[in-house]
There are 2 protein chains.
Amino acid sequence: MSVAESGEFGLIARITARLGAQPSTILGPGDDAAIVAVPDGRVVASTDVLVEGRHFRRDWSSALDVGHRAAAANLADIAAMGAVPNALLVAFCGPPDLDVRWAEELTDGLAAEAERAGAAVVGGDISASPVLTVAVTALGDLRGREPVLRSGARAGDTVALAGRIGYAAAGYTVLSRGFRTPKALVEAYRRPAVPYSAGPAAAELGATSMIDVSDGLLADAGHVASASRVVLDIDRDAFAIPEQMRDAAAALGVDPYSWILTGGDDHALLATFPPGVEPPELFQIIGSVSEGSGVTVDGKPYGDGPLGWEHFR
Amino acid sequence: MSVAESGEFGLIARITARLGAQPSTILGPGDDAAIVAVPDGRVVASTDVLVEGRHFRRDWSSALDVGHRAAAANLADIAAMGAVPNALLVAFCGPPDLDVRWAEELTDGLAAEAERAGAAVVGGDISASPVLTVAVTALGDLRGREPVLRSGARAGDTVALAGRIGYAAAGYTVLSRGFRTPKALVEAYRRPAVPYSAGPAAAELGATSMIDVSDGLLADAGHVASASRVVLDIDRDAFAIPEQMRDAAAALGVDPYSWILTGGDDHALLATFPPGVEPPELFQIIGSVSEGSGVTVDGKPYGDGPLGWEHFR
């Protein structure tokens with residue numbers, strides 16, 4: 001059955017039947033708006049949009065994968081503020097002939113990824129459109145802590161990273177060359193494994209800055225450097241290249257460090273910590289902060305190419 | 001200059017430079033997420049998406065108009081819960097050859113309508129897409145009051161309406177027949193005039209149910225009737241047909257009551273009040289609630305056609 005045959009209200013009923021709730025969900029879908037508990041009195045909110053052909057391809061990713069990725073991209077932004085995600089709202093646009101199962105599986109992916117982060121899908125909107133588009137807004141609670149901004153890194157801080165890096169970019173390269181393996185890389189492109197708990201844990205330990213790595217490690221380190229008016233120097237040897245990534249890089253004639261340093265979409269969390277502070281579990285030290293401006297790798301500027309991804313290229 | 005020439009970060013800089021803030025804006029655009037004060041500890045959140053060719057046409061509405069309408073559709077949902085809107089997040093997708101001025105004027109419309117409601121645009125995302133798409137999420141605060149749901153109408157309540165009704169549908173018919181006047185109707189289609197303050201005022205006076213009229217008066221009254229398990233009876237004579245609407249209806253061969261009873265997009269607020277309660281300013285009594293199920297006009301079922309708008313037709 002197509003979404004057009006299902007009808008707007010039929011599709012909404014099918015979608016909402018698949019959603020769960022969290023203790024923070026005061027009112028879920030079905031009224032004019034949802035209501036979510038944010039006991040802190042400050043709500044953290046972020047929006048990201050995924051467009052077919054630009055952010056995903058239906059022949060590369062299942063609806064379930066797209067749901068996981070759309071949710072993860074937003075939930076990671078909440079975690080990167082040091083906040084705890086609690087809700088998602090989803091605007092979904094699709095062609096009238098789309099199979100309702102695609103919309104249902106997208107919903108399952110969104111709901112499952114939200115649950116991983118402790119959140120629930122609490123509302124949304126659907127519309128017909130020639131282009132499959134998924135716009136997600138994530139909400140979260142600071143639990144009494146101050147937010148961790150991009151602007152707080154100071155000379156002398158250490159730079160640390162939580163989560164996989166380079167995997168999604170490697171998987172993208174593999175798929176774009178027409179291959180479907182190594183599976184670990186392709187799966188990483190399809191579904192990020194965001195270390196949600198590392199965000200609040202970093203905030204708790206006094207992280208001075210934090211960012212969700214979505215544009216690429218050096219590009220996002222650059223956003224922190226620029227907002228904090230410092231240099232972030234990345235130590236290339238901090239990254240051991242996993243065997244599957246090394247093999248794929250050799251087979252495809254790619255420098256694996258280009259995946260690690262400039263690939264986006266893994267949604268790792270990059271944070272800086274004051275001198276003497278041991279970063280929390282899941283974080284690994286990958287560099288240091290010093291006076292100046294910009295990003296360096298082993299003390300030198302990196303390559304001549306772009307540092308990451310621009311969405312209007 | 002096109003948005004592609006401007007580049008993602010260039011366009012974001014141009015857009016954010018045009019945005020204001022509200023006292024509730026703790027952190028605006030520029031970091032991983034925005035932070036908004038919701039002193040109540042419960043955030044009210046709603047998402048609506050507008051797609052070119054489906055919800056707007058660039059030859060019928062300016063970018064400024066589309067911004068006003070996209071913001072109003074969402075802010076009205078917050079007001080219909082009895083809450084006070086405070087923030088918008090916007091996901092904007094447009095073709096790479098779109099003139100940056102269109103995106104800037106859209107932003108101005110969103111920001112101006114948000115300001116009318118006491119809110120600010122605090123964040124968002126942009127992407128290239130073949131189809132112009134604007135997905136907006138609105139946030140609001142309940143200020144210590146209980147939310148007004150669709151499910152609280154009781155037999156004996158009065159039904160009241162705040163805001164214009166039928167104007168947007170009349171303007172849409174005028175435009176779709178190739179005319180550009182009467183201007184009052186066309187302008188009403190382009191920019192709803194939402195009575196935002198009427199929502200919290202109704203909540204304050206003990207409204208038993210409330211809904212934003214976006215699908216059409218009878219369709220949305222039907223949502224309240226169904227959630228509350230009652231009949232909402234609408235008194236046709238409660239509506240005086242404005243002279244311009246009467247003239248346009250006669251010229252176009254349309255029953256003006258079809259605009260009033262089934263037209264959407266004015267974003268009026270429909271509420272029910274307990275017996276003996278005088279509805280607040282801006283509301284006008286248009287019917288009554290009784291035992292049973294469904295919606296009637298002057299005690300009888302209305303016509304055979306659809307009661308409103310379905311988005312996957």
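FYI, residue positions are counted from 1 along the chain as it appears here.
Cβ coordinates are placed from backbone N, Cα and C, and glycine is handled just like the others.
According to TrEMBL, the protein carries these features:
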DOMAIN    A:30-140  domain 'PurM-like N-terminal'
BINDING   A:D32, A:S46, A:D77  Mg(2+) 4 binding site
BINDING   A:D32, A:D77, A:D212  Mg(2+) 3 binding site
BINDING   A:T47, A:D48, A:D125  Mg(2+) 1 binding site
BINDING   A:D48, A:D77  Mg(2+) 2 binding site
BINDING   A:H55, A:D265, A:W309  substrate binding site
BINDING   A:G124, A:D125, A:R150, A:S214  ATP binding site
BINDING   A:D215  Mg(2+) 5 binding site
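Comparing C-alpha positions, A:D32 (Mg(2+) 4 binding site) sits nearest to A:G124 among the binding-site residues A:H55, A:G124, A:D212, A:D215, A:D265.
Nearest Cα neighbour of A:D212 (Mg(2+) 3 binding site) among the listed binding-site residues (A:T47, A:D48, A:D77, A:D125, A:R150): A:D77.
When the binding-site residues A:D48, A:D125, A:R150, A:D265 are ranked by how far their Cα is from the Cα of A:D215 (Mg(2+) 5 binding site), A:D265 comes first. In this structure the alpha carbons, written CA, of A:D265 (substrate binding site) and A:T47 (Mg(2+) 1 binding site) are 15 Å apart. Within the model, the domain 'PurM-like N-terminal' (A:30-140) carries an average pLDDT of 97.
Of the listed binding-site residues, namely A:D77, A:D125, A:D212, the sparsest CB environment within 10 A is found at A:D125. Neighbour density around each Cβ, counted as other Cβ atoms within 10 Å, peaks among the binding-site residues A:D48, A:D265 at A:D48. Using a Cβ-Cβ cut-off of under 8 Å to chain B, the binding-site residues A:S46, A:G124, A:R150, A:S214, A:D265 reduce to A:S46, A:G124, A:R150. Counting only same-chain residues six or more apart in sequence, the Cβ atoms lying under 8 angstroms from the Cβ of A:R150 (ATP binding site) belong to A:S209, A:M210, A:I211, A:H223, A:V224, A:A227, A:S228. Neighbour list (A:S214 (ATP binding site), Cβ cut-off 8 Å, at least 6 residues apart, same chain): A:A73, A:A76, A:D220, A:G264, A:D265, A:H267. Here the binding-site residues are A:S46, A:T47, and the one whose Cβ sees the fewest other Cβ atoms within 10 Å is A:T47.
Nearest neighbour of A:D125 (Mg(2+) 1 binding site) by Cα distance, taken over the binding-site residues A:S46, A:H55, A:D77: A:S46.
Checking Cα-Cα distances from A:D77 (Mg(2+) 4 binding site) against the binding-site residues (A:T47, A:D48, A:H55, A:G124) with a 10 Å cut-off leaves A:T47, A:D48, in sequence order. In the structure as shown, the Cβ atom of A:H55 (substrate binding site) sits within 10 Å of 21 other Cβ atoms.
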